[in-house]
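> Have a look at this one before I ask anything.
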Amino acid sequence: MHNYRRETRQLLTLAIPVLIASVAQTSMGFVDTVMAGGVSATDMAAVSVASSIWLPAILFGVGLLIALVPIVAQLNGSGKKDKIPFEVQHGFLLALIISVPIMAILYNAGMLIDYMDVEPILAEKTIGYLHAVVYAVPAFLLFQTLRSFAEGLSLTVPGMVIGFIGLMANIPLNWIFVYGKFGFPEMGGVGCGVATAIVYWLMFFSMLVYVLVNKRLKRAGLFDVWYKPQPKAVLRLFKLGFPVAASMFFEVSLFAVIALMISPLGSIIVASHQVAINFSSLVFMLPMSLGIALSIRVGHMLGEQDLVGAKIASHCGLIVGLIMSLMTAILTIIYREEIALLYTDNADVIVLAGQLLFLAAVYQCSDAIQVVAAGALRGYKDMRAIFIRTFIAYWMLGLPVGYILGMTDWIVEPMGPHGFWIGNIVGLSAAAIMLAMRLRWIQCQSDEFQIAMSLK
């Protein structure tokens, strides 16, 4: 008999290291924001605008490679471990291929910024950050390939350890480049980009060493045999990962486009938005980590053809995610001004950020449901459904509602950033409903249908 308590415990055992690793990685953004804000509100705003371009671009690549997690988990669960190195090596190849267009986009993003009506000094600092962080792209994606390999084998601790190494390195490197220590010039927000590039190369090499020395990972024989690159294998991995990448891109770019749209409203509003979005990203790590753990559990169980276990794991994930999000939403509402104070002492930024954090708290339950349900669907390899539903929710519902409320007087007087955050509530709630309904539909189908879907 399956036991809900046991399954919840196993999910949390997988999710907690993923959470710690994700919080460590996202905390790098927190550190960047705080240390850039220590120079000026303009530097903080530059990090915000640059992140609104850098994050969607790099997370598209990460989304492609996250598809390795259910692939490795199913091969592991079905006893076909000898096929894992072939898949992961083609993941490396895909990471290097996709790095090229991402780097080109980031390096030439100045053309996009030139079209934006932003202060000249803000534009200069934003472009400087992007030109520095472009060198992080291949390292980030190669690191993600190794992390997906380890997590597919239910080893989530390595990502946690390496994440903390990155965070611990990011703080002194920011101090050196942002404030100009040890003979380096004071670079302000641009220094955050330099530090980020160095940190991700450090994380990649640290993860590579871990894979080479860890006994369990060594048994997988990742580098025992080098397979001849097969374009069909790379294309298959791309096709499987593209819906995940696109859905991640649509969610992150929703917030990125908002940052770009409100950038002409001034540094105070942009900085307030950055505070709210950065803290929301930290909170989002809780359900996101649970979603990753759930994709591992569901993928492994489907590899064993344990359909009941996959269903129970999905239920446990959704329940735990909802409980956690209720708790974080309440705490965010109660302590929203204290949270803003962690980022800046600018009174105007604190007031506006507190208002946006209240709106962020409203959608935390919806955000948890949609990301956990998406994790379960990744375990079933139902990637296309995630892509379609998130596109509709974020771009056909959330962003139009946000723009209408924030920038026009069609319904009410322009609400500025508040209108966009109300649009976020609409978009994420729609995504939660559609993805949860899709998961329920799959689990109501025949055993043969579910197994066939997981093997495609």
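Each residue, glycine too, has its Cβ placed from N, Cα and C.
Pasting the relevant annotations from Swiss-Prot:
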type     : residues : note
TRANSMEM : 11-31    : transmembrane segment
TRANSMEM : 53-73    : transmembrane segment
TRANSMEM : 93-113   : transmembrane segment
TRANSMEM : 126-146  : transmembrane segment
TRANSMEM : 159-179  : transmembrane segment
TRANSMEM : 193-213  : transmembrane segment
TRANSMEM : 242-262  : transmembrane segment
TRANSMEM : 276-296  : transmembrane segment
TRANSMEM : 315-335  : transmembrane segment
TRANSMEM : 349-369  : transmembrane segment
TRANSMEM : 391-411  : transmembrane segment
TRANSMEM : 417-437  : transmembrane segment
> At a Cβ cut-off of 8 Å, and with pairs 6 or more apart in sequence only, do we get at least 3 pairs between the transmembrane segment (126-146) and the transmembrane segment (193-213), yes or no?
yes
> Top stretch among 11-31, 93-113, 349-369 for CB pairs under 8 A with the transmembrane segment (159-179)?
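Most Cβ pairs under 8 Å with the transmembrane segment (159-179) come from 11-31.
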> Count, for each of 11-31, 242-262, 276-296, the Cβ pairs lying under 8 Å from the transmembrane segment (53-73), and report the range with the highest count.
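Most contacts with the transmembrane segment (53-73): 242-262.
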> Can you name the far-off residues of the same chain, 6+ from the ends of the transmembrane segment (276-296), with a Cβ under 8 Å from a Cβ of it?
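That would be 11-12, 14-16, 18-19, 22-23, 26-27, 29-30, 33, 48, 66, 69-70, 73, 151-152, 154, 156, 255, 259, 313-314, 317, 320-321, 324-325, 328, 332, 339, 343, 353, 356-357, 359-360, 364, 367-368, 371-376, 378-379, 421.
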> In terms of Cβ proximity under 8 Å, which residues at least six beyond the ends of the transmembrane segment (11-31) contact it?
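Those are 51, 147, 151, 154, 156-157, 159-164, 166-167, 170-171, 174, 196, 199, 278-279, 281-282, 285-286, 288-290, 292-294, 296-297, 313, 316-317, 320, 343, in sequence order.
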